[in-house]
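Peer 1: Let me give you the structure first, and then I'll get to my questions.
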Amino acid sequence: MCGIVGFTGKTSCCEFLLKGLSALEYRGYDSAGIAAMQADGFSVRKAVGRIDRLREEVEQNPLSGVCGIGHTRWATHGKPSVENCHPHFDTERRVALVHNGIIENYAELKAQLMKEGISFASETDTEVVAQLLAYHYEKDMKTTLVKVLAMLKGSFALVILDRAAPDTLYCARSHSPLVIGIGQGCHYVASDVCALLEYTRSVYLPEDGDIAVVTPDKAAFFGLDGKERKRVSVTISWDTSAAQKNGFDHFMLKEICEQPQVIADTLAHYIDQSTYTIRREHMPFTPEQAQQLKELTIAACGTAYHAGCMGKALIEQFAGVRTDACIASEYRYQTVVEQERNPEGHVFLAVSQSGETADTLAALRKAKQLGMRALAFSNVIGASIAREADTVMYTLAGPEIAVASTKAYLTQVLLFEILALDLAHLRGKMNDDQLKAALKHLVELPRQIQSILNQRAIVEDFARANRACHDVFFIGRLMDYTTSLESALKLKEVSYLHSEAYPAGELKHGTIALIDERTLVAAIATQPQILEKTFSNMQEVKARGAYLLLIGTPPQTPIEGCTVWPIENVPWYTAPLLATVYAQLFAYYTARQHGCDIDKPRNLAKSVTVE
């Protein structure tokens, strides 16, 4: 949530600031602004709405300067307005800054400053930081920053301009993402590497509590005690084309269509396909650790939580390990019955596409405080969750720009498939031949997904024909219910239609009262042991006048009026991934029919870095 950019160099900062903010649009925002250092102070441009409006403002009133900052704002304190838009300044305009996060004690700090006669131009918590820096300024900005950061409670990534140091960016990070890119005679700052891919692959990844003093030629790092810290740059391997549409109308469709490749890439990383064995060097458990494992707790948010629910089913079924899947924002606050916890045999697993999800990171920290070993699934190398976990498994999905997650979800579920099979093998639940057979089925996934994508016109036609439906219910049992949860979330995210998921067996316990002739019921039916029961539920909703869609195994006796998107001749553990691809396409084409802003749905952010 929110996007930050900064530049210091020998050339104009304006182009990077605007392009960088455009690359961060997926994070969600309602307004945007930039500021550049000038000989006589700061030059500022702000706009409410899309970045195109800010670009128009800059074209009408050009902005120059070689050191500048920019920001896309997601309103938390104060409505979307030019006054509340970043960058923010102190009263004397000595300091300009942008901020991602929430200052929890801003009201108390603001009251103290107002008693000193300082007036405020906005309703934001961010302006409090700018005013504090100016009020407590002594010697230089780094010294002042050390003092002021000690006063702040909450989360923040800050990039600051000081009128006394016209070529310098001052950065600070605490529980909010920030990356510093290394250029030729310049440095870049951003919330996410996606903003930097066009310009550099060499980056610094500041850690929590870091202060960075960044000039065109150097980035120096310090702790909250003011002492210098050593940070080593890393190289980002992502392809720049991953952050471009490449002929697709939307990033969401592009990323759906990239799934055969990212699944193949992830399979190649974790599976030796010449022998159909798992590459042990990439796995989090040794044979001894697998035998000692008594319980696994998975915590995640949103789509990643649904991947965790899939993981629970897979690990319990294959490996026989008790597994809980928790919503991270609940887990971090719930009571833990410590006498039931055995840290030696209890492992925690955090799942996050961005690796920066605030609630998931907090849940991971809680688990570590309880003495658990902490694992993580992340799509971003060097992200906070990846750095704080004891062991990381990376999804090789590449940058995911659309707010609605598609390819990251599939690769997360694939990691759970591989992890579950590995644990089953290490714990003696599966022999070598059984493991090899299961891995061969996984290796078939890219081809099977591509086959569905090749038929996406039938999904588009169905979305067009059912455009008038005002409610969409997804039903399923066991893993099919989890697929229903993800399918409903995807549809409501991008199309704004009312969409819910229910266990098929719960229909008669209230939900069926909502069914009428304007309702579409989509049944997910891939799990062999409960197919007939799900088919019976479909007949019940058909009798109430609902439109019917089946994604999965077709019934032997066709259901009259039911559209079928078949998934046949695949094992129970890979079928849900294929059903998900159909559901992703349905969400996309339904949103197109309704003219929605598919890549940037209203009120949503890609990376939720605040609670």
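Cβ atoms here come from the backbone N, Cα and C positions, even for glycine.
These came from TrEMBL, pasted as-is:
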| type | residues | note |
| --- | --- | --- |
| ACT_SITE | C2 | active site, nucleophile |
| ACT_SITE | K606 | active site, for Fru-6P isomerization activity |
| DOMAIN | 2-217 | domain 'Glutamine amidotransferase type-2' |
| DOMAIN | 285-429 | domain 'SIS' |
| DOMAIN | 458-601 | domain 'SIS' |
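For each feature listed, report its degree of burial, its nearest neighbours and the pertinent distances within the displayed model.
Peer 2: The secondary structure of C2 (active site, nucleophile), as reduced to three states from DSSP, is coil rather than helix or strand.
Taken through DSSP, the domain 'SIS' (285-429) splits into 68 helix, 29 strand, 48 coil.
Taking H, G and I as helix, E and B as strand and the rest as coil, DSSP gives the domain 'SIS' (458-601) the counts 70 helix, 30 strand, 44 coil.
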Peer 1: Let me check the 10 A CB neighbour count of C2 (active site, nucleophile). How many other CB atoms are there?
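Peer 2: Its Cβ shell of radius 10 Å holds 27 other Cβ atoms.
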Peer 1: Could you please provide the mean pLDDT value for the domain 'SIS' (285-429)?
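Peer 2: Averaged over the domain 'SIS' (285-429), per-residue pLDDT gives 92.
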